[in-house]
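Worksheet for the structure shown next.
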Amino acid sequence: MGLRRCTHFATLVMPLWALALFFLVVMQVPAQTTSLQISKEDRRLQELESKMGAESEQPNANLVGPSISRFGDRRNQKTISFGRRVPLISRPMIPIELDLLMDNDDERTKAKRFDDYGHMRFGKRGGDDQFDDYGHMRFGR
């Protein structure tokens, strides 16, 4: 009787162990390969962007070739994922709505401190009629 119970228990436990092994090993491999594909794709995109940035700094860079090849490569890639991949967009630290509500005095003070050429104005006192942009007194105007 004891041997029969042991074999009956083994027949119940073995499929459970096989199922657990299937989920741990077989189901992990596609998830790891998709994550590796995504990381390789991200790394390749970063390299392409850095190359595009280096080419844009050159005066006679041909920008049509790399962009066409990049879109061609992206079209041939097939990524299996659970949803649509959303591209990462760099966002400002302050949301747009809050930025509109905030009073930025920097622009006004910057306009007062610098002229059109980026030179700092010195000696700017009260009236604009009396002194020019460089702090020199105006005569005869």
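Using N, Cα and C of the backbone, Cβ positions are placed for all residues, glycine too.
Note that the structure is predicted; figures quoted are calculated from it, not measured.
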Can you check which of 7-27, 49-69, 91-111 Swiss-Prot lists as region 'Disordered'?
49-69
In terms of DSSP three-state secondary structure, what is the assignment for Tyr134 (sulfotyrosine)?
coil
Using all protein chains in view, find how many other C-beta atoms are within 10 Å of the C-beta of Tyr117 (sulfotyrosine).
6
